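As written in TrEMBL, here are the features:
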type	residues	note
DOMAIN	I:39-69	domain 'HTH cro/C1-type'
ACT_SITE	I:96	active site
ACT_SITE	I:99	active site
ACT_SITE	I:122	active site
């Protein structure tokens, strides 16, 4: 089981423990829920709101009573997103993601504007995936971020 | 020409002006240089080191004397990367990129570890691209980040 | 019931739990108290001072002994307002509110001065409401902030 | 003309001066452009991208050569939004807006979720208006913020 | 009794509870101790050092054993002052005090120098009082801060 | 004339120079304008909006053309208040004012609530004065802050 | 045993206690594990991921049940690195390391670029060692940092 | 010549320009001065105090009048060290150095104490060197930091 | 006994309590240990490493079992110094020390360089003492800081 | 002449230049003015207010017209103290002073209270001196800080 310096609730800790004891990956759980592995991890970290159906499947697969999951993730639960990391993050994996924005943020902004005009790439109507691309010179992480373009409204 | 609150050198401003006056996109320039449009924008923003060949091509295409470009981007130039934005960034395009890491950073880290083990996704042996995916419900920005996986050395 | 990363007192947590168990909305509770739903939520978050009458009604409607409510929200209680979020807030709902001020704060200030002269819009003699405006292109949130204009005193 | 501690470009300063010399309000200019007064002020503060048509009208009404406006606000200009104020802002008008979010941010978030479900109020597909409501006990500022509701995508 | 987001010791909480249960104001307690009401509140908040005589009077008036008060506020106790609030404070009452200094701090400094020369107004040889001034247009808070002028020593 | 590390506009610097050359105090200028000396200093520091009448009197008394004053302080000028100092301020005079709030802020808040109920002391409908109280043990600075009490509105 | 202001998990504290009670140095433990002493200390501080073999050896040498170590450091554990210190660190040993980078960071960067070109020194494919060099004028600490050079990819 | 976002004086910029125009490395200059290349770079960045002899040699080798160098680096010059970078630094080369301390700082501290007792590694009686170690799997940067151990004095 | 907002370990709290109950000053304890009173206070605050002999004497004088002291302050204990206060500190005694450096830090640096050349005053080979100097105009605190001068090494 | 990253006014720079050209130390200048060398340096750094007599002596000794000195340091000049350094300072000389307070601040506070009671050591009625104490093991810097004790007033 993982030692999280970030603050997790008792239920979240239990989810991580059940996953470790059953030796399941987020991909395994994602197949049960019909969700991408990143999305499942987002539920574990309190960054996404599971449906009642997802809660039931989590309950069965990880053997945690649904009532316990509902007490925390029930209909009135809406995630208070973010706040897991300091800024900038100190963990090297997180920092590299952050550095990509520090260094290439303005270039990416410039290309989005050239291709789409004045607006943004949504972080709400959004999905992400991680793919492992094998390479003899060293495998590569392909991280795809996919968000709807939202043009600025004029009024 | 764009008004940049971020501090650009006189030469960088001249690059942006020449680009605007000639009505060229970063894609246009990238085709001349044989580089991706994001990479070209990174050169404009001082975040990448152009080769002598790229400097010559930039000089011809944008009609800026090569000597002027060499004075700033010559062999002894090594970018002092980052530092263009406040943290968190206030511009909504940049902020959304930053928010994706705030919200999905730990889930992405978890999946990278599950797929690759203990290590990081490199921001140095790295490339990025922006693709426009047309969609009747609203076009989508597909941002692909591609970095080599670097395992932690034990000693 | 909701998982609040923000620190709530034991009594506040109990209020949120009672509300979730009884499946009541802030609007339901607001009707009992004769108060707007935002105002009721402000009481739950410790941002407004309930009257003795409101405490009694909360006690009956949510089945929490009035003595328990009085021990925390009694006559000598005056809220220590704010401090619930980091600045800037990381939650996307809160951040968007914050971004509206980042981007349109100076324009709003300029219009207030043009319409009213030198002074401020009060955040004390103030009310707020949220309305759902249905729209075939996507429903809209109409947030109305209403504050007394206070002119600067000269002396 | 106003003294802006915030950094404006030479052209922005000229816009404010022309407006002051002609004794025009943002409402006056808005009528010429067919835009709300807040939107016009956002253009002045570099927070919105004017169309070519708007640039032409601004040029005529304020007697500034269109070429000068185009040099800064032309087709390749995309605002680098935000960054005008320190956080928290020190100006009392701006601070009160900020305080409204500090104190009522979580209550507003709670009501948005109760009325719309899991998602956010957009700051991009967004408009704002300021209305003066006369009142014998002191006139009131009615600030209406209107944003599209964007539900979180699941994947 | 009040809910203090600020961290109070168990004994300080007990002082506030005893005060609330007995329905006493700081003015009431101040009359018993022969101290101004602000000074008494400063003792409650751990910002002033009570004498043995004051401890005894507090003990009797609020019915808390003197030994308990002495264990925390005894002869070896010297307050570690400040640190109760974030900077800037988020509570509107505290923020307004802070804003008065933000806006009028340099003007006040200028007048002190014109009237007294080079030096400061002491915050140690200092007292403060709050007076309620009734006014048909709305009662006024008169806050008097009184500090010894200390001239800079030359050497 | 004083060396201001804080950034003043060219006109503000000119005001301070004219005042120093004519050896006038803020009290002297205040008598001409019919304003308190602190209020006059606030105008010099860009923290208050002078009327046309005050501008004319300043112009005559300090021998600065009214047109120059109007160009900066004219009808469309609305101060962008605050921002003159770092937080906490480093200058000892300013720091002591700040320390008074650090140490006695919560006690003052407690007394305001006991005397007035739930609300704030206004920093807008506000005035301040500095008085020199002679004392054989060392003269004292009496700083009086006078603000309207504003009760929280319920809705 | 050492008093760590930094937050360690219960298991980490137990590791430090077992080491102190058995009077073992990190060098002693390193010999058992076949790892450098700094690497072993990094495991204790949660900054490196031990293998199953290393966990077994730690268990035997320090007499802590392997099951307890596995519960925290098992296969699903991936360190959340960094975050142990404030920035800048206050401890003088840590601060001096930090100051070396403050003062000599740019010179070191310049030399790396001159010797290797555009790229970085990896902190992942990396090792460190501390050697004691005896010297009559005072022993010296020789800290060797050894990282792979990673050239920037062009794309 | 390099574009330095960090603020260099006119003379420092001239040193970098002369070095680039003559195509000299810090190693070349170091040989002239009898100093390590890092030490020479530290002089260029204003982080070390050159002797009169070193100034003369710099003057001859880079063809800058000694009087100009003496005007800035003369006998009364004592460097105001540090302050070149933000913290944490954004440049990836500098950040990796910083990350080494974030991650391995406490382990290094622990080993220094085990080998030397209570004290620090000096950053004053200190030297640093960068060596290129060729390696078929990728060349390595060997950074050696060498500082005198200073034991804490007891008194 | 004193109420410390700063975080002390259970053993440190016990040391302060034992000192208060026995009504001993740091000077009293210092005489037992043969150490300066400031040095003894530094041990209490976890800022200095006591020897085994000092631990034994503390144990006897304050009647705390040596085993308890050794469990925290034993041979493997090396203080993690600093971190007790926020920066700037809010307590007025600490702030005044801090202000002395804010105001006179550069002048002191200038004089050290004029008298000693390029180098620093050590905070490791260092001692401090506080002396009470009686004065009819008010007693004075004479704080002597004594540190070895360390010249910068050239290499 | 020294290169000051800290911002000095044109006149302050001229003072430093004149001092360097004449090869005078602050001690030399102090003898002319009848002031301690630290106090003179404080005037140069804008941290102390020179008298008219001191201005005249400075003028003669450094050959700068008194009118120029009076224009900046004249009767209406009151220093805006502090603000010269970042916090924490990066220069090692300044940092060591700062570290002495980080590490020994609470111990010094404890001893001041034990010797003087509740109050502070003044930074206003204050002087400082630096003495060079020769020592075969390395010369020592003796920094004496001397401030009036100010007891807290009760009211």
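Keep in mind that glycine also has a Cβ here, set from the backbone N, Cα and C atoms.
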I:96, I:99, I:122: the active-site residues whose Cβ falls under 8 Å from a chain H Cβ: I:122
Tertiary neighbours of residue I:122 (active site) (same chain, Cβ under 8 Å, six or more apart): I:147, I:148, I:149, I:150
Those residues of the chain, 6+ apart, with a Cβ under 8 Å from that of residue I:96 (active site): none
Secondary structure content, the domain 'HTH cro/C1-type' (I:39-69) (per DSSP, counts of residues): 21 helix, 0 strand, 10 coil
Local Cβ density at residue I:99 (active site) - other Cβ atoms counted within 10 Å: 23
Helix, strand or coil at residue I:96 (active site) [DSSP, three-state]: helix
DSSP three-state assignment for residue I:122 (active site): strand
Against chain F, in sequence order - active-site residues I:96, I:99, I:122 with Cβ under 8 Å: I:99
For the domain 'HTH cro/C1-type' (I:39-69), the mean pLDDT of the predicted model: 97
